[in-house]
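Copied from TrEMBL, the annotated features are:
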BINDING   A:289-293, A:330-337, A:428-430  FAD binding site
SITE      A:Trp361  site 'Electron transfer via tryptophanyl radical'
SITE      A:Trp415  site 'Electron transfer via tryptophanyl radical'
SITE      A:Trp438  site 'Electron transfer via tryptophanyl radical'
REGION    A:549-607  region 'Disordered'
COMPBIAS  A:584-598  compositional bias 'Basic and acidic residues'
Amino acid sequence: MVVETRLFAQSFFSGKLLSNQPLAKLVRRQYRSVHCAMQQKKSLMWFRKGLRLHDNPALLRACQGASHVYPVFVLDPWFLAPDPTAPSPGSKVAGVNRIRFLLQSLENLDANLRQHGSRLLLLHGNPATVIPALLTKWQINELCYEFDTEPYAQSRDAEIKKLASKSGVEVFSPVSHTLFNPVDTIQKNGGTAPLTYQAFCKVIGTPPAPVAAPSQIPSPSEDLNNVEIVAIPTLEDLGYINLDEEFSPHPGGETEALRRLDDSLADQKWVCDFEKPKGDPTAFMKPATTVLSPYLKFGCLSCRLFYQRLQAVYSQSKKYSKPPVSLEGQLLWREFFYTAGYGTQNFDRMQGNPICKQIPWKDDDGLLSAWRDGRTGHPWIDAAMVQLRKWGWMHHLARHAVACYLTRGDLFVYWERGRDVFDRLLIDSDWAINNGNWLWLSASAFFHQYHRIYSPVTFAKKYDPDGRYVKHFLPVLKDMPKQYIYEPWTAPLAVQKKANCIIGVDYPRPIVDHAIANKECRERMGQAYALSKEAGGHPKQEQVDELHDRLEAQFPVVRPESGNAPAPPKRAPRKAVKKGASSPKEEPSGKRQRKLTDYKPAQAKKK
DNA sequence: AGGTCCGTTGCCAAG
DNA sequence: CCTTGGCAACGGACC
């Protein structure tokens, strides 16, 4: 009784609650929560990310004082259903590797729950309708789930929270996917997300320690009130058949995550010497990084545990690398992008994004699909894209190289198109980090030195002069002599014949001449930046469109008539709104310039 | 205001 | 093999 009065008094004097809610409702809610605490609550632990038992504050809370805990995951067909029109196996939004990673993670979560006498309850459907229905069916008192900052999750969770609260269900959604709460960081920084890493590091402080795993997990009731629970499907169950491609060598799950963490941290010298930019992007049998990113993305591994274990290793050593290049620095980059993503309007778009440079990119499906499908004719770029499709993973610097190539380096295609490809195919694709890095690489935000362009020829050669990486992922080039491996179009025809790889037949000619293309890209970037400056940082859409037309006239694109050239481009949608001010068919006045895409490289380079 | 320094990961030639 | 400096030259932070 004393407790009840105190709770009531608290609510009574916190004016905000009282002003919006009828008194009777308030009393009822307070009564119910006290009543339940005495009777032992029933909690629903809703898993989305955070697919783990360790350092899971939502799960811990769900177990505290509960008679029954219902661990639920909702399988959404939107994520899982095969899309036959997609360019590679998978659903509309996720490649088959990421789907597999999720299924493996769920299997492992179920197994780990079973070790505690519980189990994972799997349901089909849209969480927005499934979860509220379960609250009623199972007479749930408390709904627990991990806080998620993505816009899609934010709106979904807000809706469900509203429904839950309306029916008197307590909602507990702690921050445990990130080291820091982006809300706090933004507040500490004066209301906006820090735009430089240094500024970010100045405000964050020290992250909280992980919480303990629950000592016991009360099992769900035997009687599920006719709710249909489904078994964890296999890929075949979902309709993915005849998958004969090379698979991701990185299996999902908390157990594998913790094993990998132990593995990575066991080599103390490696951990203390780690400097991200020095890694070898062509190392694929033994990657140059931890490959813990997919486990962090799905929450099979807690970033707070990773951070704590990392500090333990550092404390054993007199000297160790520091952010931004160290392993700790990598965890902080993750936080940096989560904060920027949470604090920036339209973070995943160019238009309406206040931190994004407005650049007249091309909306060219031909160039995009050549890049996506690994037929640009630049073996390093194509091999990396094949690794992405087959494994769902590539080294950070390989991502840089292909992202630079698609956008400001060579093809000048919209970064959002490349972002979509990564988002679908990477097993670690993460909304904030993926968008943040595409903004970075396209020199749209955070990074602006657009003259620094990765060479599709020399960059990988530094690490892998023999072209082992290229030959593995592009077997068509496996017999190409190494001196031509990054530029096979320069091999004499006799050499091509001997290698069973005729350029233009068995493997494409390059779709652009890098030397010409990157010069043109820099010119385009320069004009876009100049326009931005002129317009006080925020040029109008019409001005950007106008610049687009001007640049298209300055650098007309003429397609080769035959060969492996990509399909002709579709007009950019935004051009449709424009009334025909300039015709794309018109040849520009003056002398005909050498074109970006009608490049015919020399057949032989004598050595 | 304007100058200076710096920024996770460029390229190339020279030493 | 490695490192170093020239190249060309951006925005943002800070004084």
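Positions of Cβ are set from backbone N, Cα and C atoms, glycine also.
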Self-check item: Residue among binding-site residues A:Ser293, A:Leu331, A:Phe337 with Cα closest to the Cα of A:Trp438 (site 'Electron transfer via tryptophanyl radical')
Solution: A:Phe337
Exercise. Identify, in sequence order, the residues in the chain of A:Thr289 (FAD binding site) that are 6 or more apart from it along the sequence and have a CB within less than 8 Å of its CB; answer 'none' if there are none.
Key: A:Lys276, A:Gly279, A:His395, A:His396
Quiz prompt | A:Trp438 (site 'Electron transfer via tryptophanyl radical'): tally of other CB atoms within 10 A of its CB | solution = 25
Quiz prompt | A:Trp415 (site 'Electron transfer via tryptophanyl radical') versus A:Leu331 (FAD binding site) - Cα distance in angstrom | solution = 24
Quiz item: Fewest other CB within 10 angstroms, which one of the recorded positions A:Trp333, A:Phe337, A:Trp361, A:Trp415?
Solution: A:Trp333
Practice problem: List the Cα distance (Å, whole number) between A:Phe337 (FAD binding site) and A:Trp415 (site 'Electron transfer via tryptophanyl radical'). | Solution: 17
Quiz item: Rounded to an integer, what is the Cα-Cα distance in Å between A:Trp333 (FAD binding site) and A:Trp415 (site 'Electron transfer via tryptophanyl radical')?
Solution: 20
Practice problem: Round to the nearest Å and give the CA-to-CA distance linking A:Trp415 (site 'Electron transfer via tryptophanyl radical') with A:Ser293 (FAD binding site). | Solution: 22
Self-check item: A:Phe337 (FAD binding site): secondary structure state under DSSP, collapsed to three categories
Solution: helix
Quiz item: Do any of A:Val291, A:Ser293, A:Glu335, A:Ser429 (binding-site residues) have a CA within 10 A of A:Trp361 (site 'Electron transfer via tryptophanyl radical'), and if so which?
Solution: none
Quiz prompt | Local Cβ density at A:Glu335 (FAD binding site) - other Cβ atoms counted within 10 Å | solution = 21
Quiz item: Hey, what's the Cβ neighbour count for A:Val291 (FAD binding site) at 10 Å?
Solution: 16
